[in-house]
Amino acid sequence: MTDRKTGAPRTPRSASPGGVAAPASRAARNGDAPRKPARPAAPRGAGSPVRATAQPSKPSPRPSSPRHGLPQDSLAYALDAGATVVGAVRAGAALPAALAAIFASREQDTSAHDAGAERAIRSDWHGATQDIAYRTLRELALVDAVIGMLVPKAPAPRVRDLLACALTLLNATDTPYTSHTVVDQAVRAAAAAPETAFARGLVNAVLRNFLREQSALLERARRDPVARWNYPRWWIDAVRQAWGEQSDGVLAAGNVQAPMTLRVNRRHATPQAYLATLHEAGIAAELALPCGVRLAKAMAVERLPGFADGVVSVQDAGAQRAALLLDVADGMRVLDACAAPGGKTGHLLELADIRLVALESDAPRARRIGDNLRRLRLEADVVVGDAGHPAAPWWDDKPFDRVLADVPCSASGIVRRHPDIRWLRRPDDLRALVQQQRRILDALWQVVAPGGILLYVTCSIFPEESEEQAAWFEQGRPDAVRLTAPGQLMPTVAGEGSGPDHDGFFYARFQKR
Ligand SMILES: C[S@@+](CC[C@H](N)C(=O)[O-])C[C@H]1O[C@@H](n2cnc3c(N)ncnc32)[C@H](O)[C@@H]1O
């Protein structure tokens with residue numbers, strides 16, 4: 001690592017606010033919190049100043065078939081890949097899918113002297129590309145506004161995306177790259193690709209101008225709420241309308257790096273006992289009661305004590321409330337109606353010996369439920385079907401004691417983990433989601449046993465999907481008694497100290513008379 005200004009070795013002050021390195025994404029695939037932040041990966045050949053000072057005695061192998069002549073272990077390569085991913089998200093792709101696509105399409109680029117070196121290069125550029133893409137999407141409106149100020153005529157999309165990634169890195173205070181390295185590598189990336197080579201001079205000029213006038217430019221850009229908060233205008237308006245004075249806090253919470261929180265499997269350990277195990281292993285963490293612990297720094301799940309044996313799972317603290325609220329007991333028949341990837345399914349099965357049907361409409365996602373349960377060594381009937389249509393194969397006219405309706409929603413409560421969501425959603429989506437949620441709720445109420453409980457859950461902060469849905473549901477059903485539940489759980493950031501730190505969720509509980 002090198003100091004941004006002097007080039008002297010240093011350690012980053014904190015983990016990347018936007019970044020997800022390769023090990024963290026493995027963590028994510030094993031829990032219901034899809035992505036976890038980690039320290040930014042520094043490609044080995046990040047550019048001459050970094051390389052010369054950071055790793056003088058460790059020459060890294062060079063891939064033999066790099067893209068446009070860019071070494072795969074260079075920052076230029078990662079910037080080029082990051083720009084592709086950002087462009088794909090702008091065009092409507094989900095971030096994980098865009099990342100998976102670029103990793104797959106450039107698989108052949110990696111060709112080092114031996115398999116170990118090849119793996120290291122691949123892991124480095126994957127980590128660096130993820131880091132750049134996550135960071136950039138967390139600042140997209142801001143860097144777009146800066147580009148608008150510095151480039152009078154809108155640049156070609158590919159040039160704009162490369163500039164957005166490079167400006168994001170220049171604006172960060174916790175990356176290992178010097179400003180000189182970022183400019184140099186961005187210009188190299190522009191020069192290497194046929195679709196951006198004509199703009200190498202522009203890239204150079206824009207980045208240098210930004211460095212000269214950084215604070216004034218940022219100050220001016222932030223006068224526009226879209227650039228300041230990094231959400232589309234309609235989203236900011238909706239949050240303001242719903243949350244008034246609280247809205248700045250809600251918007252800000254969506255732009256921070258989410259912690260890596262674990263749920264402790266109570267069949268194996270208490271959160272206190274597992275915390276002690278972590279401390280013995282030298283892993284800093286604190287309790288996130290009632291069920292979990294929060295790591296001080298994200299890490300690969302494989303390195304967590306007991307992870308392979310199902311002792312812990314990655315799950316946001318807000319999401320950990322669901323299974324507890326369903327109040328399951330041994331012998332109950334339980335339906336987890338929108339179950340994939342199975343985070344809450346696993347928790348329900350950890351809490352009691354129940355007969356559980358895990359229903360999911362998306363077959364590939366349903367497979368992930370099985371993967372999660374295998375690691376936990378727990379069992380459920382995983383069924384692919386439509387929760388809005390009670391029929392075979394998941395409904396055999398036998399009512400359920402408990403129904404978890406973790407319905408599809410805007411995901412507006414979990415944007416800190418998914419910085420792409422705000423750019424992918426459209427205002428109309430909300431109306432369609434509300435209808436879909438009502439259809440599912442209507443159907444699921446039919447399968448609840450008398451005396452049984454249905455828990456309605458969204459990871460949304462929009463009242464249309466949350467309290468308004470609960471009120472609509474209660475009003476139309478004389479046989480429904482609304483029980484106590486947290487209602488809207490606002491996204492909460494612990495900040496420097498301890499205290500709650502969770503995504504935004506909504507919980508409503510209904511009992512059938
Ligand atoms: C919020 S996610 C569920 C998260 C999950 N409960 C967990 O904790 O891991 C909603 C899920 O509902 C699924 N889904 C959407 N419409 C559905 C339907 N009509 N029937 C069943 N599942 C549906 C989606 O594919 C998605 O996997």
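Cβ coordinates are placed from backbone N, Cα and C, and glycine is handled just like the others.
Predicted, not measured: the structure shown is a model, and the values here were computed from it.
Cβ neighbours of Cys459 (active site, nucleophile) (same chain, under 8 Å, six or more residues apart in sequence): Gly318, Ala319, Cys409, Ala411, Ser412, Gly413, Ile414, Asp503, Gly504, Phe505, Phe506. For Cys459, the entry in TrEMBL reads active site, nucleophile.
Per TrEMBL, the feature S-adenosyl-L-methionine binding site maps to Cys338, Ala339, Ala340, Pro341, Gly342, Gly343, Lys344, Glu360, Asp386, Asp406. Lys344 (S-adenosyl-L-methionine binding site) falls within a helix when secondary structure is assigned with DSSP.
For 12-31 (among others), the entry in TrEMBL reads compositional bias 'Low complexity'.
The compositional bias 'Low complexity' annotation in TrEMBL covers 39-52 (among others).
The domain 'SAM-dependent MTase RsmB/NOP-type' annotation in TrEMBL covers 250-513.
Taking each Cβ in turn and tallying the other Cβ atoms within 10 Å, the top scorer among the binding-site residues Cys338, Ala340 is Ala340. Across the domain 'SAM-dependent MTase RsmB/NOP-type' (250-513), the prediction's mean pLDDT works out to 96. When other Cβ atoms within 10 Å of the Cβ of Asp386 (S-adenosyl-L-methionine binding site) are tallied across all protein chains shown, the result is 15. In this view, Lys344 (S-adenosyl-L-methionine binding site) is surrounded by 25 other Cβ atoms within 10 Å of its Cβ, with every protein chain counted. Max Cα-Cα distance over the annotated S-adenosyl-L-methionine binders (Cys338, Ala339, Ala340, Pro341, Gly342, Gly343, Lys344, Glu360, Asp386, Asp406) is 19 Å.
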